[in-house]
Each structure stands twice: as structure tokens, then as C-alpha cells.
């Protein structure tokens, strides 16, 4: 490795250490403490700095003015019919998953009434969907609370995060955690629905534990009703055929998809009517129970609060990520929190499910993107009419067909395995987050607690990744570029300078590792500075004759430069320390007292060994902490520099003459160059003039 490449070419700019840099640019050493008024202004007033008019609080006033009735009205009316026909089966499915079919069906109405007025996005695919509905079921089963209480608590969390600057909490949930949890919940849904599908609780099957024999097993199998199982198989095959093949073909042919789930559900209701299926195989719902009724929320306990926070966090992050994944789709997190809080608080007295967003890439998500919010608003009219007139039909829908619809809907999450394969090949820690989320969803009884535990594991991984010590020896590649020494090929050389880049906080967990790395580099520091402009051009003499085929023209322009240090001309009186370690601390965000003590001890040990340690790139807050910790009583301020270039520039200005050997076109000469101020300084220390 070129010794001079560590220092770079000489410059004429005066080098400033950290103290001189702060004085020149009027550094403020201590921040002024904020008053109570300033704190209130930061927490409350600045939180709503993006709201300048009523249009920001109600985006409906903005987009309705630019709505082109002539160009979009007919298309949006057709889109409203399509959206309504897709949402109705979703309501039935989610009602079955949450064990409250009327609540699931009625929950699809309110989001499409409120969101066009208060939502920040220009497309809406909100409602109550399978994953969230199963979270509600899990909470109701383990806490004994009501849907009204759970939805009310979710609305409170949404409103609190809107009123205060807490929207950063949503950033704690990573995409890998969501994908893994989606996959785990999908597996739980399959395990939950499988016993309902087989329906082996007949009298003959219940007698099997008393008399286990081939005859009893055969009687059990013969007593089972296979009509629902056959309907399930036909329905699932049809749904998957539409999902994987036919929808794309129909969309290419007519420009849109068809509501295949509604068609399958209606045909199944007709089949159950003519086949006169047993009531036990149909949905457990009555037409009169599908009318909205007032159900006031009760006082929640701590378990309900935890579950509500988990549902709030899961649904909001899923919704924002689904909306933001669309290109050119802007979303205001704070406005989305405000909109969803209104929906949840209005839904709570009627015992409706919390609001959620569809899975990215699903049919509803894709189709709502093709229409404006006006189609969502009009779709509520069609859904209200349908819920009023088709209530008797809901009683005829077989449970097995709804199970097939649910399984078809959750097959979207199987594509997450592809994402896991990518993570395993490149991002091991993120893959572990995914796997831990799957395991939590599978083995923790309450899925909401499972999500909180998965979130805790993800946050722990952040702490490990950010606090894990990362030390790299770097060398200069260009004037302003420093590269990792172990990742690029170079010539080994004995150099008295080592540059160590720290890219993690200096905290107690890192202290011993960083100490060992510094001591390792101290052992690698050897010899004096060999300052010069060494070229990597290999000497022709060092190559076999057979490898040299230059023409006469090329030899006329060939210059081979080598150099060696002139130790006799080095002035030992200028500096007793001829070995240096430079710590590039520009990537250090935090230093704790344990690290301060470690750096003080290492600095003293190196100083006793005639090795000087320089610090480059410490930010202002860290320097304030170092001053409070009296670190500068041990380490002089002159050892601190604002940038790595400044630190190396201070070493570059030291007086270390050297000889340079120049070979031009095969002729050899010796010249002497120096970084000394004048030739007199060189001659004064030259052995020839002694």
C-alpha cells in the first residue's frame, strides 16, 4: 500500500484542529435549556405545523374541486358497483373469522363513508380484513372483552398518536416483522378452520374413544356429511383458478376483473337451498341480527389495552405501508391517524370491528386503485341496499364455502416465503426477525401478545445491530475517499500510520472490543513516515524480459518512480512521536462514561509507547459530553479534528524528507524532494553537510 496514499497530496490550506475549528466558526458549547413554553410549542403547536387550512384537515374539500364529473362519473359508478360486490364477501369472511358475522358485514360500510372526506390518499381499500379479524377473535377469546371496547381502545390510541408527536412509533414495526406475522397468522387461520371443515362431531365419531375398532371408524366415516366438503373443494378450486389465471385473462379482455367471490357465494347459497343442507353446515347467523344496534364499550382492563395497542399498531402500519407502496401515492401519517380514529370511535358504539386495510396486491387493493374516492363513497349506497335486501340469503351460505373463500384470500401471504429466501441469502438478522414473528404467531396463544413479543424481538435486534462494535482499518483511495483495507488488494508495507473507522456507538458493550482493535493496530504501526508520491507502476526491471513488449513510442513516455525514506534527514527534534493511530469517529452517535474511561486509558497506554492517537469527526454533543466528563484533562484538545482530512493534513505538514528515484526511458537518476519549507532546512540536516 502506498504510504503517501494514507496522507494524501500536500495542500496549502491551513490545517485546523477541533479547537481552532470551533473558534473560527463560533461554536456554541452548551445548548440553552428550553423553557416550558418552548416545550409546549414543540409538542403541541409544531405537531400540527403541516395543517394550514381546512383543506388539510378535510382533504375532501381539495379533491372535490378538481373532480371531472363528465369524464369520471360513469366510470366511478361502475367502479362503485365492483367495489361493493367485492367488499360484501369480505364482510362475510371477516365476520366468520371474528365469530361475529353481523359485525363483520356491517364493518365494511363506515370506512368508505368517512375515508373520502378525511383520508389523505386518493384511493381507499379499507374495511375489516381476515388477519385483523382473527386478531379480534383471539383477543375476545383470551380477554373476554367485547368488540365495542376493543374498537374504542383502538380509536383512542389512534387519536392520541394524532394529537401528540407519536407517529414515529409506527416506524418501530419493520416490513419483515409484518410479513412474518402475516405468514404465521395465515397458518393459524388454516389450523383454526380445519376442524370446522371436517365436522367429525357426529354420534358415531364421538363413540370412537370408547370402542376403538375398524367397525367404529367406518361407521364414523359413513356418518359424516360429505356434501359440504365437496362444496368446499369445488369452491376453493374455482376461487384459486380465478385468482391465479382467470382474473388476469378477464382483465386483459374487458379491462377489469369480476367479483368472483360474490358469484361463488351466491351459487353456493342457491345450491344449499335446493339441496336442503343441514342448519349446522350453514353460517350461524339470523337475518334479524344483522341490523345495527347500540353496544356501549366497557371499562377496559390491562389485557384489553395491550391487545388494542397491538391491533392499532398492526393495522396502522399495514395500512400506511400498503398505501405508500403505490408509486406517486402520497400519504400523511398524521391525517391517516385522524381519519382512522374517527372511523374507530364511530364504529365502537355499534360493536363494529376496528378498521384495517387490504393486503397489498389483493384484488380489492388493485381495483380501488383504478377508481377515485367518489366510487368508494357511492359504493356504500349499493352495500346498504344489498345488506337490507339479501339478509335472508346470508343464512343460506354454507360455512364450507366461506372457509374456502378465507383460505383463498390468505394464500396471498405465501409469497412472503420468497421474501424470506432473499433475506436468508443476504440479511441474516432480518431473516431471524421474520422467523421469530412466524414462531410467535404459531406458538403464543393470544395473537396480539404474539405481535408485541415479535415487536420486542425486532427492537432487540435493532439494539444488537446498532450497538455491535464495527471497526474497520481504512486507507485512502482518492483525495476524499477512504476504503476498507481488507476489501481491496494492495501491497503490504510497514507504515507508522493506521486509520481505524468506528461505525457504532461507544458504549459499555463495545469497550473491550474497541480496545482490542486499537491495540491490534498499535502493534501494526512500524517505522518512520515514508512520505512521498509513490506510484503503483511496476518497475520494468522487476519483470521478466519476455513480459515486456513496449514499442519505442511507449518507452519514450514511460516513467517509473520509486522512493525510499531518508532516515538520516528526518529531524527527530520536531516530534518525539513518529507513530500515529487516527480514529475516524464520524460514525459514532453516542458515547457513554465507560467508553470515556476506556479511551483515556488507551490514549495513556499508547502515549507511553510513543504512539499518538488522534480523533476525527466527533459531533458536538459528544464533545460536550467529553468536556463534562473531564476527558480533555487527559487528552489534549489538539488531538481532535473536525474531519479525517484535517487530521491527516496535520500529519502531512510534518518535516520528513525523502529520496525519490526516477527512471525515465531506462536512464536512472536520483533527486531529493521534501515537504520542508526550504532547501536550507534540508541541507542543515543532510549528512553530506555535517
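Backbone N, Cα and C atoms are what each Cβ position is placed from, and that goes for glycine too.
Positions annotated as domain 'STAS' by TrEMBL: 499-651. Averaged across the domain 'STAS' (499-651), pLDDT for the predicted model comes to 73.
Under the heading transmembrane segment, TrEMBL lists 149-173 (among others).
Among the features that TrEMBL reports, transmembrane segment is placed at 179-200 (among others).
Residues or ranges marked as transmembrane segment in TrEMBL: 221-242 (among others).
Among the features that TrEMBL reports, transmembrane segment is placed at 262-283 (among others). Within the chain, the transmembrane segment (262-283) has long-range Cβ neighbours (under 8 A, six or more residues past its boundaries) at 85-86, 88-89, 92, 96, 101, 199, 225, 227-228, 231, 235, 238-239, 393-402, 404-405.
Among residues of the same chain six or more beyond the transmembrane segment (304-323), those with a C-beta under 8 A of the stretch's C-beta atoms are 121, 123, 125-126, 131-132, 135-136, 138-139, 142-143, 145, 149-150, 153-154, 156-158, 169-170, 173, 175, 178, 181, 329, 331, 333, 336-337, 340, 354-360, 365, 446, 448-449, 451-452, 455. Taken from TrEMBL, the feature transmembrane segment applies to 304-323 (among others).
Same-chain residues lying 6 or more positions outside the transmembrane segment (335-356) and placing a CB less than 8 Å from one of its CB atoms are 56-57, 59, 94, 98, 100, 103-104, 106-107, 110-111, 114-115, 118-121, 126-129, 131-133, 136, 146-152, 154-156, 158-159, 161-162, 167, 292-297, 311-312, 315-316, 318-320, 323. Here TrEMBL flags 335-356 (among others) as transmembrane segment.
Using a Cβ-Cβ cut-off under 8 Å and counting only residues 6 or more beyond its ends in the same chain, the transmembrane segment (396-415) has close neighbours at 89-90, 92-93, 96-97, 130-131, 179, 182-183, 186, 189-190, 193, 196-197, 228-229, 231-232, 235-236, 239-240, 243, 261, 264-265, 268-273, 277, 281-284, 359, 361-362. According to TrEMBL, the transmembrane segment annotation covers 396-415 (among others).
The feature transmembrane segment is assigned by TrEMBL to 427-444 (among others).
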